[in-house]
Every structure is written in structure tokens, then in C-alpha cells.
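Provided herewith is a single structure, encoded as C-alpha cells, for subsequent inquiry.
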Amino acid sequence: MYPAHLLVLLAVCVSLLGASAIPPLPLNLVQFTYLIQCANKGSRASYHYADYGCYCGAGGSGTPVDELDRCCKVHDDCYGEAEKMGCYPKLTMYNYYCGTEGPYCNTKTDCQRYVCACDLQAAKCFARSPYNNKNYNIDTSKRCK
């Protein structure tokens, strides 16, 4: 084998090893986004919920700042229960539809049903809860104790 071929092979192996350490992206995040859009009839973009209060977005701690933030805490807790059942909620794909009455789930497995129900409950909660701009992108180190 030529030295150049060995270098290419080595580079491919190293890049594959590095890629294996990258955690997978949440696959159902897109589905959750669509459920939110369906529930609130497009009145607020889904990304507005990604960094809201103490629980909407990555992580979560302290006391929820308002009703909308409580929706996110309940959603986090629901995912925690799904994990206890042996499900992987951030990776679980499910079937859902956006009907005239809003979103609904149509899934087959227990994990799909449970995770879709978690997302559906949160999406409907978001739709009925007031959005307070002052709770977007807050300093969680100070307000979420």
C-alpha cells in the first residue's frame, strides 16, 4: 500500500472515531416542533420556546417562572417517566396528524404513544399559556434556584 493511501485510511478512521463520540440529535424534535405549530395555529414560532424560563430548552432547575414554564417542566417530567419505561423519548419517532381540532397522535408502540402524548400535552399547554417576553433568555443562574 502506498503511504498516501495509508494517510487517507488513517484520516477516515480518526474522523469516524471522532464522530462516534458525538451524541445523536433528538430525532423527534422536528415532530414536536410541528405539534407546537399545529396546536398554536402558527401564532408563535417554535424556537421561542427553546430558551424560555427555567425549563423550556436544555436542562431545567428551580421553580418554573410562570404557567408556560410549568408546561416545560411537566414535559421534562413526562420524558423522565418515559425513560423509566425503557423508552428513549428524544429519539422516538411517532405518527401524528394536524387536524381541524388541532394535533393528535396515531402511533403503534407503547413508547411511541407515551412520547407522543408527552409532546401533545406540552404543545396544547403552550398554546393556552400566555407568553411573557421578559422570561425569554433569562439568566437561569440567578432566577432558577
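Note: Cβ is positioned from N, Cα and C throughout, glycine not excepted.
This is the feature table in Swiss-Prot:
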- 1-21: signal peptide (SIGNAL)
- Cys38-Cys98: disulfide bond (DISULFID)
- Cys54-Cys144: disulfide bond (DISULFID)
- Tyr55, Gly57, Gly59, Asp76: Ca(2+) binding site (BINDING)
- Cys56-Cys72: disulfide bond (DISULFID)
- Cys71-Cys125: disulfide bond (DISULFID)
- His75: active site (ACT_SITE)
- Cys78-Cys118: disulfide bond (DISULFID)
- Cys87-Cys111: disulfide bond (DISULFID)
- Cys105-Cys116: disulfide bond (DISULFID)
- Asp119: active site (ACT_SITE)
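Distances, neighbours, how buried they are, the whole picture for these features please.
Sequence-distant contacts of Cys98 (disulfide bond), defined by Cβ-Cβ distance under 8 angstroms and a gap of at least six in the same chain, are Tyr34, Leu35, Gln37, Cys38. In the three-state DSSP assignment, the secondary structure recorded for Cys98 (disulfide bond) is strand.
In the three-state DSSP classification, Cys144 (disulfide bond) falls within coil.
Counting only same-chain residues at least 6 apart in sequence, those with a Cβ under 8 Å from the Cβ of Gly59 (Ca(2+) binding site) are Thr140.
Listed in sequence order, Tyr49, Tyr52, Gly53, Tyr55, Cys56, Gly57, Gly60, Pro64, Ala122 are the same-chain residues at least 6 apart in sequence whose CB falls under 8 Å from the CB of Cys72 (disulfide bond).
Within the same chain, residues at least 6 positions away in sequence whose Cβ sits under 8 Å from that of Cys71 (disulfide bond) are Cys56, Ala122, Cys125, Phe126, Ser129.
Residue density at His75 (active site): 23 other Cβ atoms are found within 10 A of its Cβ, drawing on all protein chains shown.
Proximity of Cys118 (disulfide bond) to non-local residues of its own chain (separation of 6 or more, Cβ distance below 8 Å) is seen for His75, Cys78, Tyr79, Ala82, Pro89, given in sequence order.
DSSP assigns Cys111 (disulfide bond) to a helical segment in the three-state reduction. Around Cys111 (disulfide bond), the same-chain residues six or more apart in sequence whose CB sits under 8 Å from its CB are Ala82, Met85, Gly86, Cys87, Tyr88, Pro89, Thr92, listed in sequence order.
Close to Cys116 (disulfide bond) in the fold, though at least 6 residues off in sequence, lie Tyr94, Asn95, Tyr96, Cys105, Thr107, each with a CB less than 8 Å from its CB. DSSP assigns Cys116 (disulfide bond) to a helical segment in the three-state reduction.
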Provide the three-state secondary structure of Cys56 (disulfide bond) computed with DSSP.
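SS state of Cys56 (disulfide bond) = strand.
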Could you find out if DSSP has Cys87 (disulfide bond) as helix, strand or coil?
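Note: Cys87 (disulfide bond) is coil by DSSP, not helix or strand.
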